[in-house]
C-alpha cells in the first residue's frame, strides 16, 4: 500500500533510479561542472527514496547543507522536509542526509494549457497522497470528475480529484522531460519552421577577416583580461564559457582559466589553451531589452551560454526558448537570457530572424593593413 512516511530518527540514503540521457540533449562538460544550480542551502527541492514502500514518491523539502568543496568525494546533502515531521504534533520538520541523486528542483507548475487539458485513461500522472507525490497511471475517468489512478509500486488503485494530480515529468540531464506541455509544442511547431537560429560556425567565419581578428586578439587579450571562450568539442559548438586570460601562448593562442568549469578534482578552476578564433570579450549588457518571439538569444545553462530562439514571450516571469541543436524547449527567467551577438572583426553583430544582421556596435576601433 502507499504508506505515509514515518520518521525513524535516522537518515535513509538511497539512489534514484537512473534514466538514460537523451542523445541530443545539451551536454554538460564531463568532470568540469560545479554542483547543480538548484543545490544551494535554502533551495526548494523534491526528494525521492528507494526505501521499500516509497519508490516512485517525491516529497517537498529544502536543502540545508551541500557537500563541502574540500571533500571532493562527498555526494551527500542534508535536507529538511516540508510535510514530514519527527513528532506527531508536526512542529519538528524531519531532517535527513540523502544522496544528491535523490534530489531535483520542484516540478514546474501546470501551464494554463495543461490546466485545460483533459486527463485521459493511460495518462502518466503524479498524485498527491500521504504528504508526497506518487507516480501512477490513470485507469478510469469517473462521472463525478474524479480519476482512478493505479500505482505499480503498491498495486493499488485510488480515486483523486483533478487538483490532486499533475502531469508526470522526469528530471533528466538537468532538464524537465517533457520541457513544455505537448499541446504548446504542437502550437509552436509551425512557428519553429519559420525560425532560424542555426547559423553555422562556417557562416560566421566567412564574415571574419582572419588577420584582423588575430591582430585584435593579440592586442586586446592580455593576462587577467575577462573573456568568453567557445569550443569545437562535439556537443558544445556555439556555447560560450566565462573565463579570464592567464597568459598569451605564442602568436595565436591563449591559456585561459574558466570561471565556472573545474578540473577533474572538482575544486581547481579548469585551464585550457584556446586559439584567437575561439576567444572574445564578454558581450555588452542588454537588461532593458524585451525579448520577442523570433529573437535569437543566448541562455545560461550548464555553466555556459547556449544559442537558442524565443518561441514564447514572457509569461509568469519566464520566456520559452527552443534549442535547434538539441531540439529541446525550456523556460528561462530574464536574468538567464541575453540577445545573441557575434564578435566579427572588432564589432558586435546582432542578427534578425533568418540570420540577417540587425545592427553593428563597434566596441574596438582597430584598423590594420597586411601584405599577404
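Yeah, the Cβs are placed from backbone N, Cα and C, and that goes for glycine too.
Note: TrEMBL annotation is automatic and uncurated.
The compositional bias 'Acidic residues' annotation in TrEMBL covers 181-202.
Looking at the domain 'Agenet' (37-111) alone, the prediction's average pLDDT is 85. Residues annotated as domain 'Agenet' in TrEMBL: 37-111 (among others).
The domain 'Agenet' annotation in TrEMBL covers 117-173 (among others). DSSP places the residues of the domain 'Agenet' (117-173) in helix, strand and coil in these numbers: 3 helix, 32 strand, 22 coil.
According to TrEMBL, the domain 'Agenet' annotation covers 219-287 (among others).
Marked as domain 'Agenet' by TrEMBL: 289-345 (among others).
The region 'Disordered' annotation in TrEMBL covers 1-35 (among others).
According to TrEMBL, the feature region 'Disordered' maps to 177-202 (among others).
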Highest-contact recorded stretch vs the domain 'Agenet' (117-173), from 37-111, 219-287, 289-345, CB pairs under 8 Å: 37-111
Helix, strand and coil counts within the domain 'Agenet' (37-111) (DSSP): 3 helix, 33 strand, 39 coil
